[in-house]
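The following features are taken from Swiss-Prot:
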- 19-39: transmembrane segment (TRANSMEM)
- 42-62: transmembrane segment (TRANSMEM)
- 102-122: transmembrane segment (TRANSMEM)
- 132-152: transmembrane segment (TRANSMEM)
- 161-181: transmembrane segment (TRANSMEM)
- 214-234: transmembrane segment (TRANSMEM)
- 246-266: transmembrane segment (TRANSMEM)
- 282-302: transmembrane segment (TRANSMEM)
- 338-358: transmembrane segment (TRANSMEM)
- 370-390: transmembrane segment (TRANSMEM)
- 395-415: transmembrane segment (TRANSMEM)
- 420-440: transmembrane segment (TRANSMEM)
Amino acid sequence: MSTIADSKNHGHQKLTAAGLLISLGIIYGDIGTSPLYVMKAIAGGNVISENLILGGLSCVFWTITLQTTIKYVIITLRADNKGEGGIFSLFALIRRRNPNLVWPAMIGGAAMLADGIITPPISVSSAVEGLLIFNKDIPTIPIVLAIIVMLFMIQRFGTNIVGKFFGPIMFIWFAMLATLGLSQLMGNFYVLKAINPMYAFNLLTQYTTVDDKSGFWLLGAVFLCTTGAEALYSDLGHCGRPNIRISWIFVKLALLINYFGQGAWILQNKGYVIKGNPFFGIMPEWFIVYGIIIATMAAIIASQAMISGSYTLISEALRLNLWPKVRVKYPSVKKGQLFIPSINLLLLAGCIFVVLWFGESSAMEGAYGLAINITFLMTTILLAYYLLIIKRISFIWVGLLILMYLIIEVSFLVANLEKFFHGGYFTLISSGILAFIMIIWYTAHRIKRRLTEYVKIQDYFPLIKELSEDTSIPKYSTHLIYLTGADNYTQIESKVIYSIFQKQPKRADIYWFLHIDVVDEPYTMEYKVRTMLADDVIRIDFKLGFRVEHRINLFFRKVVEDMVNNKEVDFTSRYTSLNKRNVIGDFRFVVLEKHLSNDNDLSVMEQFAMDWYFFLKHISISESSAFGLDTSSVTVEKVPMVISPMEAFQLKRVY
């Protein structure tokens, strides 16, 4: 097995000062901007009381501790796939053991993608709305839209230049959070007693809101403090476990100090209903302008992190056959830097709709959190299987741990569902549409693979040999290349044989069959060459990690160069005139695009799935583009795909 390129992960896996700074800039944008709206959402329109604020602070403290620190930082970060994290990386680790786990992986991935639509609007809106302190008539929506549109427009150029400033800016942001919070805690350290979980218990069981609802429903607002926890796991490959864990100590302290500082400020208004945002309320008047600027920059960085995470999520889904083929661009040579135009447009349209539909950040709070809550639950399910089967931890310990988190996350989900008619419907519908696309694509792919007919390639060697030497047939190409999905190297799809011999006899000097195996390791790039029939049939098996772009044209040329240098096969043209010049000859790829034939008897569900599959395939990019093939050397052939052939029938001839 030969290696195409270095397959090691190039992330910042070691603990370094640079790695810590990069972690601040890449990972903590979402969870780091939560203080902009969490305490505001908890206080809501309720009369301020110690039961409400201390109970809310207690819930925030224990949510961050249990969900973010213990579940993600301590436990889930250990479930890395060769240094990579995220829900699809976790699924790739266990998919061979239980393929059915693809369902929670798809649901969780779709929900996380939907969360990427709501994060930029609520983060940027919360920051920009600080301007209302100076003038309540300032139109914030145009400002928010301008920032979001500009953010999405620069994606195609990459984020290398501005990315260098993300870490320092987020360091300033967290330092500001801690300083502002500490300024309010001075002389009000009594609020720290909220660390006692009894305050949280009393809020959830005894408190009644202004709407005569149980305090339990405030969990929907509390959950906003941990919505960025999944990013710690998703961006594991960029920063490394040591850098994330150490930097989290600083981030968690800054967040908690700010939350408790806001709580102390709010309690100064005991007996009243507060107006405005307590985040800006704890700022000295002279600092508000600077605070708004820093908050806006932090919100932009949070949005950028979510956008980049969405690109990575889709690129992984593409390799795992969970998403229609879309064009992926690489604006820089830096590993992990990618740009997906269709997803960029989808997210931009979604963000603009959210801003125009909801208007204010307070109205968006109802839509925020529900989707990522679903991702949390799906990650818990996958994590349980990983701990049991891969790590072989005792069933009792895993059962108790997962039961605790299922209770916590289901409680959050129930509370978040209460916000369905206040914006939650948007994220549920968005998640549902994205999950539907993934499920249709995956289901159709399974149907196609299950019903694809394979034949023994050795049975056709004599015919291939004769065709290659038959000078009465015009030579189609010197080298003819087919992509095959046959895992067994002794087999080939019957459609390939149909293309070579029946559709139009294709004479060539050498027939190549390329097979791509997407492996669980993220950055593997290896290949194996098998000479099936000397000087006539060669098969190449590529083993590519699920994060590797399928640049088959480039990879194939690399293999050819290696084989020529090793003198494994004679590639010089068999045309006499070209052979004198030592010319290798031409290469032509044949891509077979299957279409649904009329000769089928599909079930209702299969017909539904295949109809949607071909619709999605029609609006996605072609197979040749997806595999990075040079269109000038590609022939696309349409071949019928007979699914569930109709039963035999009798046709009577009359005279």
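Glycine residues also receive a Cβ, built from the backbone N, Cα and C atoms like all the rest.
When Cβ-Cβ distances under 8 Å to the transmembrane segment (282-302) are tallied for each of 19-39, 132-152, 370-390, 395-415, the top count falls to 19-39. By the count of Cβ pairs under 8 Å, the stretch nearest in packing to the transmembrane segment (370-390) among 19-39, 161-181, 420-440 is 420-440. Between the transmembrane segment (338-358) and the stretches 19-39, 102-122, 132-152, 420-440, Cβ pairs under 8 Å are most numerous for 132-152.
Proximity of distant same-chain residues to the transmembrane segment (161-181), defined by a Cβ-Cβ separation under 8 Å and at least 6 residues beyond the stretch ends, is recorded for 21-26, 28-29, 32, 35, 154, 250-251, 253-262, 282-283, 291, 294-295, 297-298, 301, 304. Among the recorded stretches 19-39, 42-62, 132-152, 420-440, the one sharing the largest number of Cβ pairs closer than 8 Å with the transmembrane segment (246-266) is 19-39.
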